[in-house]
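Note sheet for the following structure.
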Amino acid sequence: MHSSTLKLAQELINIPSISPNDLGCQDILIQRLLRCGFTVELINLKDTKNFWAWKGVGGKTLSFAGHTDVVPAGSIKKWNFPPFCATIKDGFLFGRGAADMKGALSAMVVAVEKFLIKKPIYSGRISFLITSDEESSGKYGTKHVVSVLKNRKELIDYCIIGEPTSEYVLGDCIKNGRRGSMSAKLTIYGVQGHIAYPHLAINPIHQSLPFLSELSKLSLDHGNSFFLPSQIQISNIQISKKYSSNMIPGSLNIEFNIRFNGILIDQKIQEIILELLKKYLLNYSIKWTIHAQPFYSNTNFLSKIVSESIFFNNNIIPNVNTSGGTSDGRFICNIANEIIELGLENCTIHKINECISIKNLHLLQKIYERILDNIFR
């Protein structure tokens with residue numbers, strides 16, 4: 001069934017819009033929105049394409065948010081089909097960005113088109129906030145657009161972000177917040193020497209082991225009713241390639257990431273880890289990078305609307321949680337009263353052979369359309 005949603009998704013997937021390059025994806029979306037009577041404002045910055053589009057006046061504002069950029073395809077030889085040539089096989093649509101998140105973007109636009117045919121006159125505003133810089137730095141995308149909108153006192157009552165939140169069944173999981181993310185690059189310094197004369201050197205690997213063991217087991221908090229406990233994951237341990245197998249290295253580089261829930265602020269978490277380094281008398285340097293602060297959206301009304309729309313179309317009640325990675329919701333929460341993330345299945349995102357169920361793509365369009373129906377009754 002070659003629906004309007006499927007055709008639009010294929011058209012977008014065929015464009016290799018590796019972040020932060022849009023390469024024309026937004027032009028396609030903008031042309032369709034202009035035909036629906038939307039006003040479109042380009043809010044580009046440097047190499048990033050962004051737009052804010054709206055239609056309607058008064059009443060409540062429902063905004064659809066998403067991104068046209070994708071991650072690189074990886075090894076193209078490992079793909080069953082070319083990653084930037086949308087391919088249908090056995091009821092699935094294959095291609096980079098199918099799930100994250102060109103499928104959801106297509107479902108959003110078509111849902112709005114169909115809603116406006118049914119109800120060309122309604123009280124309120126429908127808007128779109130779209131960027132090409134979500135998968136890379138995020139500096140010039142939604143963060144920038146929100147800053148512009150906030151400065152002129154724009155407010156969003158309800159926001160649907162099309163991130164791929166579904167796990168096993170479409171709509172089984174939706175998000176009303178996300179944990180923060182903070183990374184550290186830690187260097188432990190020793191004294192370089194011959195491996196046969198350890199008494200003349202200081203081995204930074206041996207010195208670091210007790211610290212690393214305790215860091216990996218460190219309990220920062222117990223979570224709460226909204227968030228899982230904060231979590232530390234060591235992601236990389238290495239020495240310089242300049243050392244040979246008969247040398248004790250002079251330094252050890254360690255990288256780790258912390259997903260934190262806001263019970264402890266980022267500065268407090270840093271203090272706890274610095275105290276741990278002090279406990280083991282390590283000579284070190286450390287650089288912190290805060291990628292995202294946690295956010296939580298109190299979504300009493302929107303959660304009910306979204307849950308009803310999912311149940312109506314797919315006969316399940318979604319689990320509302322804050323698990324998973326970061327999203328642009330952390331920026332949008334500065335101008336939006338209620339945020340829900342709802343999208344396609346996430347089991348193949350960023351992977352070789354990324355794909356989505358075509359049936360689910362059509363279902364998602366109907367769920368988005370039902371949300372519009374319920375908000376603008």
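Glycine too: its Cβ is placed from the backbone N, Cα and C atoms.
TrEMBL names Asp100, Glu135 as Zn(2+) 2 ligands; from the candidate set His350, His362, the record adds His350 to that same site. Of the residues proposed, His67, His199, His206, the one TrEMBL records at the same Zn(2+) 1 site as Asp100, Glu163 is His67.
In terms of DSSP secondary structure, the domain 'Peptidase M20 dimerisation' (176-284) contains 31 helix, 37 strand, 41 coil. Listed in chain order, the residues near the Zn(2+) 1 site other than His67, Asp100, Glu163 are Gly66, Met101, Ala104, Glu134, Glu135, Ile161, Gly162, Pro164, Ser327, Gly343, Ile349, each with its Cβ within 8 Å of the site Cβ centroid. Taking CA atoms as the reference points, Asp69 (active site) and Asp100 (Zn(2+) 1 binding site) are 9 Å apart. Asp100 (Zn(2+) 1 binding site) and His350 (Zn(2+) 2 binding site) have their C-alpha atoms 8 Å apart, to the nearest angstrom. The two recorded residues, His67 (Zn(2+) 1 binding site) and Glu135 (Zn(2+) 2 binding site), have Cα atoms 8 Å apart.
Reduced to three states, the DSSP call for His67 (Zn(2+) 1 binding site) is strand.
Glu163 (Zn(2+) 1 binding site) is surrounded by 29 other CB atoms, counting those within 10 A of its CB over all protein chains shown.
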